[in-house]
Structures are given as C-alpha cells and as structure tokens.
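Since the structure comes first, as structure tokens, the remarks are kept for the end.
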C-alpha cells in the first residue's frame, strides 16, 4: 500500500514520500503522461508500468509486509498480489536512492500541462 511504499522511500532515501515524490515530474503521483523529466521521474514511470502489469491487484491500498536484512529490502511471503506489489515498490524505492544525486526540487509540484506526449511501457 502507499503506507509501506512511503516507509520504503524514507528508509532508502531519507526523504518523506510526501512531498518529495508525491507530485514530482510527470509520473510521480497519480497518473502520468509525457516524457519523464529526469532519472527520478523515470523511476516513477517504470513503477507505473510495474503496477500496470498487475491489473487484478488493488495496488495502492493492498497491504504487504517487508523487512530489512543487512540493509536490503526483503518482501515477506504473502499473496501473489502482495508479493508483486511489494517488488514494484521495492524497485522504485531503490531506483530513487540510486538517483538521489540528480533529484531536483524544480520538479516538485510540477504542473501536468507541461507533460506532453505518451510513452508506452
């Protein structure tokens, strides 16, 4: 769920999901269109695509469990949906951490109308 995802983001990046990633660029937050603005925004695009591959799962509200083992996120065994959602969120949180050096405050609260075009997963 968004609760676990937010916790993962904080643990991996030291940033609060809201406001840091809730409306960043063209893809972080609800929906998305256009060309990702930077590597962090591309993390969100890939995360959206990952969720898009789980049409039968309630991605944003489905709770799951994970733990940290030697600093690494490990998704705990749950239902198929829980496991797959956790893996999508884990990949995004790690992607955010790997791209912290290019995170730019200018893309926070980025206006949707500046996001043009369509990308296909």
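Sequential numbering from 1, following the chain as shown.
Note: Cβ is positioned from N, Cα and C throughout, glycine not excepted.
Copied over from Swiss-Prot:
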- 26-115: disulfide bond (DISULFID)
- 27, 29, 31, 48: Ca(2+) binding site (BINDING)
- 28-44: disulfide bond (DISULFID)
- 43-95: disulfide bond (DISULFID)
- 47: active site (ACT_SITE)
- 49-121: disulfide bond (DISULFID)
- 50-88: disulfide bond (DISULFID)
- 57-81: disulfide bond (DISULFID)
- 75-86: disulfide bond (DISULFID)
- 89: active site (ACT_SITE)
Fewest Cβ neighbours within 10 Å, where candidates are the disulfide-bonded residues 28, 43, 44, 95: 95
Mapped DSSP class for residue 115 (disulfide bond), helix or strand or coil: coil
Shell list (Ca(2+); ref centroid = CB of 27, 29, 31, 48; cutoff 8 A): 26, 28, 30, 32, 44, 45
Cβ atoms near residue 31 (Ca(2+) binding site) (within 10 Å, other residues, all chains): 9
Neighbour-count leader, CB within 10 A, disulfide-bonded residues: 57, 75, 81, 88, 121: 88
Residue 26 (disulfide bond) CB neighbourhood, other CB atoms within 10 A: 26
DSSP-derived class (H/G/I helix, E/B strand, else coil) of residue 75 (disulfide bond): strand
10 Å Cα neighbourhood of residue 29 (Ca(2+) binding site): matching disulfide-bonded residues from 43, 44, 57, 86: 44
Candidate with sparsest Cβ neighbourhood (10 Å radius) among 49, 50, 115, the listed disulfide-bonded residues: 49
From 26, 28, 31, 88: recorded positions whose CA lies within 10 A of residue 49 (disulfide bond): 88
Least buried by Cβ count (within 10 Å) of the active-site residues 47, 89: 47
